[in-house]
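TrEMBL annotations:
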| type | residues | note |
| --- | --- | --- |
| DOMAIN | B:65-113 | domain 'NADH-Ubiquinone oxidoreductase (complex I) chain 5 N-terminal' |
| DOMAIN | B:129-416 | domain 'NADH:quinone oxidoreductase/Mrp antiporter transmembrane' |
| DOMAIN | B:625-690 | domain 'MrpA C-terminal/MbhD' |
| DOMAIN | B:701-779 | domain 'MrpA C-terminal/MbhE' |
| TRANSMEM | B:6-25 | transmembrane segment |
| TRANSMEM | B:112-128 | transmembrane segment |
| TRANSMEM | B:206-231 | transmembrane segment |
| TRANSMEM | B:243-259 | transmembrane segment |
| TRANSMEM | B:271-291 | transmembrane segment |
| TRANSMEM | B:298-322 | transmembrane segment |
| TRANSMEM | B:328-351 | transmembrane segment |
| TRANSMEM | B:521-538 | transmembrane segment |
| TRANSMEM | B:584-604 | transmembrane segment |
| TRANSMEM | B:616-636 | transmembrane segment |
| TRANSMEM | B:667-688 | transmembrane segment |
| TRANSMEM | B:700-722 | transmembrane segment |
Amino acid sequence: MFEGILLICLFFLSVSILVGLYRVIKGPSMPDRVMALDTIGINIIAGVAIFSILLNTQDYFDIILLIGILSFIGTISFSKFIERGYIIEYKRDY
Amino acid sequence: MHLLYFTLLVPFIMALLVPLLYKYVPRIHTGWFVLVVPIGIFLYMIELIPMIAKGKILVSSVPWIPSLGINYSVYVDGLALIFGLLISGIGALVVLYSVYYMSKKREALHNFYVYLLIFMGAMLGVVFSDNIIVLYMFWELTSIASFLLIAYWYQRKQSRYGAQKSLVITIFGGLALLAGLILLSVMTNTYSIREIITADLRGHQLFLPAMLLILIGAFTKSAQFPFHIWLPDAMEAPTPISAYLHSATMVKAGIYLVARFTPVFGGTIEWFWLVTGTGIITLLWGSFSAVKQNDLKAMLAFSTISQLGLIICLLGIGSSLYVTTAVFAALFHLINHSTFKGCLFMVVGIVDHETGTRDIRKLGGLMSLMPITFTLMIIGSFSMAGLPPFNGFLSKELFFTGVLEASKLNMYYLDTWGIVLPILAWIASIFTFIYSMILVLKTFTGKYKLSKYEIKVHEAPLGMLISPMFLAILILLFFFFPNTIANNLLQPAMSAILPGLLDGVGIENNIKIWHGWTTEVFMTLGVVVVGMLLYASLNKWSWIYEYLPAKMSFNYLYDRGLVGMEKLASQITKKYMTGIVRDYLLYIFIFFVLVVGGSLVLLNNFTYHPADNGSVSAYEVVLMLVIIGAAVLVMLTKSRLTAVIGLGVIGFVVAIFFVIFRAPDLALTQLVVETVTVALFMLCFYHLPELGKETEGAGFRTANLIVSLGVGIVVTLVAISAQSNALFDSISSFYEDSYQLAGARNIVNAILVDFRGFDTMLEILVLTIAGFGVYSLIKLPLHRRNNR
């Protein structure tokens, strides 16, 4: 029963990822794609969490944290890139 | 160490000393020191004659690479001794001549004598070696020494051309020879010539290829038709070299080879016709071409070609085992040719040295100015033409005897074709007579015109005349006392060429100066009469040479061939070496598909056993679809950013796969690496233009599609096949005890740093190198900031 619920959750997460992917592919503008990617990242976090419950292990908690961090950093860098054209500022005068 | 080895290695030792002598004893002409070497060797060889004449054989061996059966084995029999005497004897005379010919002030004498000594040592090595690999080594050394000597005046274009040509042709032959020798050693399982000779190889399937390859080696070295073209161009060498290498010794290495391997190959119809036929064609073509030459040395070069053809032809006839006279004649003419050709080259060198030209159109009327040279020229030329009382007469008579006897044989189709041999030989002799006359008469008779000469013409110094005089005396001596060398030298040599045939009986007093009114005498008379008539009417028929177009010559073929090959090679290279990485990748992928896919199909290697496969769950399918979607997006997108995002999606889904397949460490690493990679891609894009529209045609894209599909399918098939073909269980159960073995609960990390820590160290090294590489690429742009 519990496992069934988890699988249903996974299914809806997959649908959510696919919908996000559609936005990544289609996305009329670049911010659309970046946002979709961010959403996919969060969905993946949820998916990994459900997996951990399904597989009855704690080994994947690191991954959940990591995806959270990376997804944040990734979205920030994409945003900065879209806004300014570069990610790391090049200090000329110091 | 046997004294013989020392003798054979002396030239090389001396070659080491020559530069020192040249530098520290500059007052004495270096040639005087060098002269000691051939004289010493010659005396040593003379000492061996009585022993060899009794039929004894000197054998000795020094290990070189014993584990491979390669030893420096030395073997002295009659045949080797003749060559040894020629090499050292003519060598001594040539060195003496060169002392006066080569100027001490102007020439780089140390180079000259080092090359000459290397050549002499190599040539002695060729004729005395019993081991075929050692023989080949010395054989190539003669080619290289000859190359160096021809290009002695390397500032001249023609010298370099001649040297290159001779090297290309003789090395081609040398490699063929090596292949032939290896075939022989495969057939007989030995490297020793003596043991090869005793084995009966006829009927072996490698017999014919070995024969052909060895003959190519011999014919290229001995300037036989159609490989004769290098010899006239080798005349750019200093005249002592032409006299020594290109008349008396190196070009006879091929003859030595033919004679040496006659016991192995002789007696077969292929050998008979190949050797005889090539010889007689070379004889005819060489003598025919010699007449049209204007340069004295070129004339002598073609005459050498034709005389070598004569000797080869006689060896071919003699291989039939029925015409032993022919072998005798070949050996006798071998010696005679060395004497008179050496003499002639030296005389021509004197003429060149004292008049400043070798062109017969400019020469003339030197008779009274250079009487000794004139006499020497007469002796040499008349001997070459085959006139009494010179030794060439005897060998020419023997030659006629040989071809006449051969034409009467009832084997090898000689009953139908045999008559061709004497006729061709006779025609060739007429041409020989004509160019011999040209040599003497056009150079020395006629009117002396002062204006034609650049320098004041006078008789050569005595030192320069000693060597040709010595040879001229030999020419006369061989005529009057032919049986002395016949009994002492030629007989043991004959039993070396035709072992087991003579058994000590046979040829004693075989040579008679006058042997009655035989056919041969009438043939010689005919040669003289017709030759004189033709010489007198030379102007009336020399137009036939004009009618032979230049394109008929093998030189044209060689030159065009070289140019053509170069062009072809560069065209082919240009065709496929496009400089576009895309094309090279295409080659690699096509090759991969053909080889791997081909072996899958042809060897019927594809197997598929679904029984061992795990079950597929729904979320794996969904993730797979995501990856496929993203991959298609990457391929079809028009924007780089979209492509990178697609790649990022693939990377993250792969990380999810790692999660599903229970690999948390991999998932962690994959996520971080993927993020960094995507960030790096973004970094690059700042500097890159947008993806352009595909400009290539549809054909190009279709080809790429086919190749990429091919690669994908092949890899998939291989993976499926490999999965279905597990030969044994995995060894991972060992690592499951990692806590016991390494004190670690994480197997992956235990493997990385404990069980297989060595790989990890090198991966760290890879990352370090990559880091340094990136750093230096960014910080050290030499072309831009080097002046900062």
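Glycine is treated like the rest: Cβ placed from N, Cα and C.
Counted over residue pairs 6 or more apart, the CB atoms of the transmembrane segment (B:298-322) and the transmembrane segment (B:206-231) come under 8 Å in at least three pairs, which marks the two as touching. In terms of DSSP secondary structure, the domain 'MrpA C-terminal/MbhD' (B:625-690) contains 55 helix, 0 strand, 11 coil.
Broken down by DSSP into helix, strand and coil, the domain 'MrpA C-terminal/MbhE' (B:701-779) contains 66 helix, 0 strand, 13 coil. Within the chain carrying the transmembrane segment (B:584-604), a Cβ under 8 angstroms from the stretch's Cβ atoms is held by residues 576, 703-704, 707-708, 710-711, 713-714, 717-718, 721, all 6 or more beyond its ends. The list of residues near the transmembrane segment (B:6-25) in space but at least 6 beyond its ends in sequence, with Cβ under 8 angstroms from a Cβ of it, reads 33-34, 37, 40-41, 44, 74, 109-110, 113-114, 117-118, 120-121, 124-125, 128.
Counting C-beta pairs under 8 angstroms (sequence separation of 6 or more), the transmembrane segment (B:206-231) reaches the transmembrane segment (B:243-259) with 3 or more such pairs.
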